[in-house]
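J.: One structure is given below, represented as structure tokens, and several questions about it will come after.
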Amino acid sequence: MAGRVEGKVAFITGAARGQGRSHAVRLAEEGADIIAVDVCRRISSNEDIPASTPEDLAETVELVKGLNRRIVAEEVDVRDYDALKAVVDSGVEQLGGLDIVVANAGIGNGGATLDKTSEADWDDMIGVNLSGVWKTVKAAVPHLISGGNGGSIILTSSVGGLKAYPHTGHYIAAKHGVVGLMRTFAVELGQHSIRVNSVHPTNVNTPLFMNEGTMKLFRPDLENPGPDDMAVVAQMMHVLPVGWVEPRDISNAVLFLASDEARYVTGLPMTVDAGSMLK
């Protein structure tokens, strides 16, 4: 039985670990070949979040190859349009086309109110989480159009792209901006049968969330909070009785939006949020 994206090629940013790796593996499980990029070094000033590494990206490569799918992987900063374009061009040449784009790369740092956020933190956040998304799509669109078969673009936003939380205003601004990109690209690219949607996760069990800084942000009342301490507060964000979801939960949404099952779905901000938006 053919996979749900059998024979397609997907370009995924932030693919070394976390949600990006999960997306690469899930799409490969369903028959896609992968173009994967990740910066593989620290960008955020938040030292509580361990940086992705070349070894992480190499592990993603091996996982995809283990599914008998092809993968082209490079270390690329999504703020560097020329580098993005080069790897997409090369990947398309090697793999034979492009059908799916998952603009997933992102960073997180928080703790300060907006008026006390440093310019460096603001610039990094907007550069990666908003401008990087735009540059990713910009690099990929010519291949989707020239392929003549339409395509699916999925942008990773957040529930923070639909509502606000304190102490992460630069993140909130970037993720709201992603929704604007999604809607505009959907309007502009629809004539080419290219669909554009966004996914809006709540807390996800990845290093971006499961780190000392986030735990202290959730539990400032404790000196050394752990995951169980954070879960007590995190669960209060949701209607369903969980503190966070797993990367594969987001990947299943990405797979649906990438597949022909969603052939007439475009301009949709899809939440995977355990009911967070109902709170």
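From the backbone N, Cα and C atoms, a Cβ is placed for every residue, glycine too.
Positions annotated as NAD(+) binding site by Swiss-Prot: 11-33. The substrate binding site feature in Swiss-Prot is assigned to Ser158. Per Swiss-Prot, active site, proton acceptor is recorded for Tyr171.
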J.: Around Arg17 (NAD(+) binding site), how many other CB atoms lie within 10 A of its CB?
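T.: Its Cβ shell of radius 10 Å holds 23 other Cβ atoms.
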J.: Counting only other Cβ atoms and using a 10 Å cut-off, which of the recorded positions Phe11, Tyr171 scores lowest?
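T.: Comparing Cβ neighbour counts within 10 Å for the recorded positions Phe11, Tyr171 gives Tyr171.
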J.: In terms of DSSP three-state secondary structure, what is the assignment for the residue listed as 'substrate binding site'?
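T.: In the DSSP reduction, the residue listed as 'substrate binding site' maps to coil.
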J.: So for Gly14 (NAD(+) binding site), how many other CB atoms are inside 10 Å of its CB?
T.: 28
J.: Sequence gap of 6 or more, Cβ distance under 8 Å: name the residues on the same chain that satisfy this around His23 (NAD(+) binding site), in order along the sequence.
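T.: Non-local contacts for His23 (NAD(+) binding site): Ala10, Ile12, Ala15, Val102, Asn104, Ile250, Ser251, Val254.
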J.: Using a 10 Å radius around its CB, how many other CB atoms surround Ser158 (substrate binding site)?
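T.: Around Ser158 (substrate binding site), other Cβ atoms within 10 Å: 29.
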J.: Quick one: give me the count of other CB atoms within 10 A of the CB of Gly20 (NAD(+) binding site).
T.: 28
J.: How many other Cβ atoms sit within 10 Å of the Cβ of Glu29 (NAD(+) binding site)?
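T.: Result for Glu29 (NAD(+) binding site): 17 other Cβ atoms within 10 Å.
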J.: Which of the three DSSP states, helix, strand or coil, fits Phe11 (NAD(+) binding site)?
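T.: Reduced to three states, the DSSP call for Phe11 (NAD(+) binding site) is strand.
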